[in-house]
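S.K.: Before anything else, here's the structure in question.
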């Protein structure tokens, strides 16, 4: 009898662990929009051309001069400007 109680408790605990946090994330995002915090976060680049100018700069091709700006601009291009 004790084994079945332990098994039931274990199954209940594992079922609670598989709950997704999507509704919580959506609630947080809507709260941020209502409070105005979402509008304060602006992307670094307004266009792909600006990101491309930073990404293909000569400094970004050298390991010694590669900076966070190079990383951010090339990542922006990869995420937003590449054709599928």
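Cβ coordinates come from backbone N, Cα and C, glycine included.
When I checked Swiss-Prot for this same protein, it listed these features:
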type	residues	note
DISULFID	48-70	disulfide bond
DISULFID	55-74	disulfide bond
DISULFID	60-81	disulfide bond
SIGNAL	1-21	signal peptide
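Mind mapping these onto the model and telling me what they sit next to?
M.R.: Proximity of residue 48 (disulfide bond) to non-local residues of its own chain (separation of 6 or more, Cβ distance below 8 Å) is seen for 76, 77, 80, 81, given in sequence order.
Residue environment of residue 74 (disulfide bond) contains 17 other Cβ atoms, counted within 10 Å of its Cβ in all protein chains.
In three-state terms derived from DSSP, residue 60 (disulfide bond) belongs to a helical segment. Sequence-distant neighbours of residue 60 (disulfide bond) (same chain, 6+ apart, CB under 8 A from its CB) are 54, 66, 67, 70, 73, 74.
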S.K.: By a 10 A CB contact count over all chains shown, which of the disulfide-bonded residues listed here is most packed: 55, 81?
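M.R.: Result for the most crowded candidate: 55.
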